[in-house]
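Written below as structure tokens is the structure these notes are about.
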Ligand code: GTP
């Protein structure tokens, strides 16, 4: 840990083994933390922030498409990290995944991260809070505008967590579980081994019931769960525009990020923090706004693409309109099609000219 915390080494664990079902069809070809986001795998942004906080030993708990993480990040030395991989043969859920890395932990405390959160919280302060309060577990609690969409986590005047509440219309607090925790190492060892355990539904309520000290680190900096196509696009555009924090990107931020070989017709418009993947093409008169084109995606002449993500090698035909859409890799949308909010097209599916689909899977 950075010198400010002054309490010895801290490990980081990143949970990256989920199937990412809410992000299908994008997660059919790559696990959610590996999806290209502002030109690099999503996980790079989190790893860069872990490194910037002075933590160097990072264990990835993997399961779904486990091998692709090591293929890309290797031993982590290029990022100044020492990366280890622990693979679950069967997914163990969040708590089971944390228990499964227990024998790799070296420090007294470990910071656990969900691998699908884009966050600006101060990791050093989170660890300092944990150590100063002497807690067994400290949770990053995020203040959100609409807490009714999440389970909420109230705290008392001393910052101790008093309950884990299910979603309700009128939650008593705007603090929600932000998917980032500091555990004492011994608390990890006490999670049952070798079976599925949900840290949110089983471990945390169990700790409270047993009288453990569960502390809250309340924060209201940037925070986004990129688990759905809508929030994935939001996170990507926020990174490109410099709204979301990362240490993985250099250079100025702006309206668009063009990766190598991307070509844009002189009269096309690309705005709103869009990313154009390598060798992607935006044709004459086309408009791409607040969207993500993976490598080799093509937007043909006069098409409009807003708040959408286009998988690798996918194609949007002339004059088509896509708003709030996710296209799988290699999907083809015919000329003059109109696809609106929530529509998802599976990899390699071809929609004929003029097909109109609203919020349905193809
Ligand atoms: P959805 O299927 O869309 O809900 O996504 P998900 O599978 O990623 O689940 P969720 O968003 O609830 O997971 C939160 C974090 O925990 C993500 O970073 C997941 O990768 C991770 N995760 C979820 N289940 C497991 C698991 O069984 N094993 C491991 N290692 N990680 C998991």
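Cβ coordinates are placed from backbone N, Cα and C, and glycine is handled just like the others.
If you check TrEMBL, you get these features:
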DOMAIN    12-239  domain 'Nucleotidyl transferase'
DOMAIN    260-352  domain 'Mannose-1-phosphate guanyltransferase C-terminal'
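According to DSSP, the domain 'Mannose-1-phosphate guanyltransferase C-terminal' (260-352) comprises 0 helix, 38 strand, 55 coil. Regional average pLDDT for the domain 'Mannose-1-phosphate guanyltransferase C-terminal' (260-352) in the model is 97.
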